[in-house]
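Colleague: Mind looking over this structure? Questions follow.
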Amino acid sequence: ERESLVLVFAMAARKRGAKSPQTILQQQQQDTSSSLATPPLPSPSSEDPLIKPSKLPQILSVSAIFFSGFFYLLFYHYEIEPELKRSIVINFFLSVFGYFLTILLIPVATKYLLRRNLFGYDINKKGTPQGSIKVPESLGIVVGIVFLVLAILFQCCNFTSDSKWLVQYNAALASICFMTLLGFVDDVLDVPWRVKVLLPAIATLPLLMAYAGGTTIIIPKPLIHFVGLTKLDLGRIYYLYMGLLAVFCTNSINIHAGLNGLEAGQTAVIAFAVLIHNIMQIATSSDTEFQQSHAFSIYLVQPLLTTTLALLSFNWYPSSVFVGDTYTYFAGMALAVVGVLGHFRLDPQTGLLTGTKDGTLVNIFLRCFGQCSEKSLCLRLLAFQALCCIICFILRYMLTGWYK
């Protein structure tokens, strides 16, 4: 009876698919290893909500006003060679294409950045519901990539293989690309400040090695009476000046930041002023090489401006994306190349920013003019930036009759 009972249990075990102790142990090991394995990140799907450029109508309106004045100077107010006009217009339409391409790519990039935990919280809204929202960061990488693609495509329309400007143009793009990469590395690895100061000097090496232009600077007209010269040749010191200019431009935009729209906004204001300055310089000179050098500047500033305006459509208050160090390094290096060729507190009860003892321009404004909202503070700082540009134009052009 005992043997028959054992036989019955064995047959029942087979029917139930019972496993041997060795099989059970192997299964447990597989379950443990699978539970310890990192699950794959989900890929973006069409069901994920996309952010929208909420300030697109306002940005387009302001841009239309500016470019109307710009093209008035280009086609009617000044007499400029048709070939230069053609190149500038081609560059403009490429830049407009870059604007809409950036608008399309930023929402797509935000989904990937969030999945890689590249996001931040708006510290200026701490204590409010908006302060707990994850805001995708490092969107400057989109602007940098689109800018570089546009600048490379423009070579097909303007430069020949034997053009003497081609080497410097590619060197400028190499410096901007290098700085964009270093900025993205900084966003991911959080590079310390002592290293950040040196990064622009390293990134500007391609431009310094390829630079073959003049080493003379123009003395501002109000200072000619005291210096006794209209121009000053710096010689080898000019290369040191270019390296220091890159360090200054990059870190100045990086430091003068921390408000929704401030980094992109100040870049747009400066780019507007640089475009006007270049048109005026081209129109008031008969030197072909001098005109080409300022046209060279326009070729880089126009795509910088349009891609920045696209980013500003998302980054203006209240910001749905953060630009990151990627953008500040990229924009600073781009402006430096063109030139060569914060801590504060929010009161959750009032929603106003209060300055601290730090010596940044943001805190100086808050201490001098009192508490204000983040949007109002950004507008004041951008207005101050525009005022500084106007003062530079006055010193450069309107004081000609002071000293003869």
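Each residue, glycine too, has its Cβ placed from N, Cα and C.
Features from TrEMBL:
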REGION    14-49  region 'Disordered'
COMPBIAS  26-38  compositional bias 'Low complexity'
TRANSMEM  56-76  transmembrane segment
TRANSMEM  88-109  transmembrane segment
TRANSMEM  139-159  transmembrane segment
TRANSMEM  166-185  transmembrane segment
TRANSMEM  197-219  transmembrane segment
TRANSMEM  239-259  transmembrane segment
TRANSMEM  265-284  transmembrane segment
TRANSMEM  296-314  transmembrane segment
TRANSMEM  326-344  transmembrane segment
TRANSMEM  377-399  transmembrane segment
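For the listed features, I'd like the structural context: burial, neighbours, distances.
Modeller: Outside the transmembrane segment (56-76), and at least 6 residues removed from its termini, the chain residues within Cβ reach (under 8 Å) are 85, 88, 92, 103, 272, 275-276, 279-280, 283, 306, 309-310, 312-313, 316.
Within its own chain, the transmembrane segment (139-159) has Cβ neighbours under 8 Å at 87, 90-91, 94-95, 97-98, 101-102, 105-106, 109-110, 113, 165-166, 169, 173, 176-177, 180, 183-184, 299-300, 303-304, 307-308, 310-311, 314-315, 321-331, 334, counting only residues six or more beyond its boundaries.
Listed by sequence, the residues of this chain that lie at least six past the ends of the transmembrane segment (197-219) yet keep a Cβ under 8 A from its Cβ atoms are 164, 167-168, 170-172, 174-175, 178-179, 182, 186, 191, 227, 229-239, 241-243, 246-247, 249-251, 293, 329, 332-333, 336-337, 340-341.
A Cβ distance under 8 Å defines the sequence-distant neighbours of the transmembrane segment (239-259), meaning residues of its chain 6+ beyond its ends; these are 124, 175, 179, 196-197, 199-201, 203-204, 207-208, 211, 215, 217, 266-267, 317, 325, 328-329, 331-333, 335-337, 339-340, 342-344, 360-362, 374, 377-378, 381.
Residues 66, 70, 73-74, 77-80, 84, 253, 256, 290-291, 294-295, 297-298, 301-302, 304-305, 308-309, 312, 316, 331, 335, 338, 378, 381-382, 385-386, 389, 392-393, 396-397 of the same chain lie 6+ residues outside the transmembrane segment (265-284) yet bring a C-beta within less than 8 angstroms of a C-beta in it.
Same-chain neighbours of the transmembrane segment (296-314): 51, 53-56, 59, 63, 87-88, 91-92, 94-96, 98-100, 102-103, 106, 139-140, 142-143, 146-147, 150-151, 154, 158, 165, 168-169, 172, 261, 264-265, 267-268, 271-272, 274-275, 278-279, 320-321, 323, 327, 331, 334-335, 337-338, 341, counting only residues six or more beyond its ends whose CB sits under 8 Å from a CB of the stretch.
Under 8 Å from some Cβ of the transmembrane segment (326-344) lie the Cβ atoms of residues 124, 138-141, 143-144, 147, 168, 172, 175-176, 179-180, 182-184, 186-187, 199-200, 203-204, 207, 211, 213, 242, 245-246, 248-259, 263-264, 267, 270-271, 274, 293, 296-297, 300-301, 304, 308, 311, 353-356, 358, 360, 362-363, 366, all in the same chain and six or more residues away from its ends.
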Colleague: Who are the chain neighbours of the transmembrane segment (166-185) in space, where the CB to CB distance is under 8 Å and they lie at least 6 residues beyond its ends?
Modeller: 138, 140-141, 144-145, 147-148, 151-152, 155, 159-160, 191, 199-200, 202-207, 209-213, 246, 250, 296, 299-300, 324-330, 332-334, 337, 341
